[in-house]
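Engineer: Submitted below is the structure of interest, expressed as structure tokens.
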């Protein structure tokens, strides 16, 4: 009986961890003119209020976490500078 209770509690704990995963929201814009690309952040630590630094077509921007996957967090190891990006 104890092993059944343990398994149920373990599954409950694991599902809570999986459901609490946070993501970058889906970007609003799907395209961007090159002259409008700017990075407001290069890593999560550049953002305030526990926001994520998310990659979007017009650059990197801080966003509140979303429960649904759809966006992409910026790779903190990638070469990045804040400000306008000139190609």
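Cβ atoms here come from the backbone N, Cα and C positions, even for glycine.
As listed in Swiss-Prot for this protein:
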DISULFID  24-54  disulfide bond
DISULFID  32-58  disulfide bond
DISULFID  41-53  disulfide bond
DISULFID  42-80  disulfide bond
DISULFID  47-62  disulfide bond
DOMAIN    21-66  domain 'WAP'
SIGNAL    1-20  signal peptide
Engineer: Filter the disulfide-bonded residues 24, 32, 41, 42, 80 down to the ones within 10 angstroms of residue 62 (disulfide bond), Cα to Cα, kept in sequence order.
Structural biologist: 24, 41, 42
Engineer: Round to a whole number and give the Cα-to-Cα distance in Å for the pair residue 41 (disulfide bond) and residue 54 (disulfide bond).
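Structural biologist: A Cα-Cα distance of 8 Å.
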Engineer: Within the domain 'WAP' (21-66), how many residues are helix, strand or coil going by DSSP?
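Structural biologist: Across the domain 'WAP' (21-66), DSSP assigns the residues as follows: 6 helix, 14 strand, 26 coil.
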Engineer: Run through 32, 47, 53, 58 for me and report the disulfide-bonded residues whose CA is within 10 Å of the CA of residue 24 (disulfide bond), in sequence order.
Structural biologist: 53
Engineer: Give me the non-local Cβ neighbours of residue 53 (disulfide bond): same chain, 6+ apart in sequence, Cβ-Cβ under 8 Å, ordered along the sequence.
Structural biologist: 41, 42, 43, 44, 46, 47, 60, 61, 62, 73, 74, 76
Engineer: Between residue 32 (disulfide bond) and residue 54 (disulfide bond), how many Å separate their Cα atoms?
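Structural biologist: Here the two Cα atoms lie 15 Å apart.
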Engineer: Starting from each candidate's C-beta and looking 10 angstroms out, tell me which of the disulfide-bonded residues 41, 62, 80 has the most other C-beta atoms.
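Structural biologist: Within the set of disulfide-bonded residues, the most crowded position is 41.
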Engineer: C-alpha of residue 58 (disulfide bond) to C-alpha of residue 80 (disulfide bond): distance in Å?
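Structural biologist: Each residue's Cα considered, residue 58 (disulfide bond) and residue 80 (disulfide bond) end up 14 Å apart.
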Engineer: In sequence order, what residues of the same chain, 6+ apart, have a Cβ less than 8 Å from the Cβ of residue 54 (disulfide bond)?
Structural biologist: 24, 25, 27, 60, 61, 62, 63, 71, 72, 73, 74
Engineer: Run through the Cβ atoms and count how many others sit within 10 Å of the one on residue 47 (disulfide bond).
Structural biologist: 19
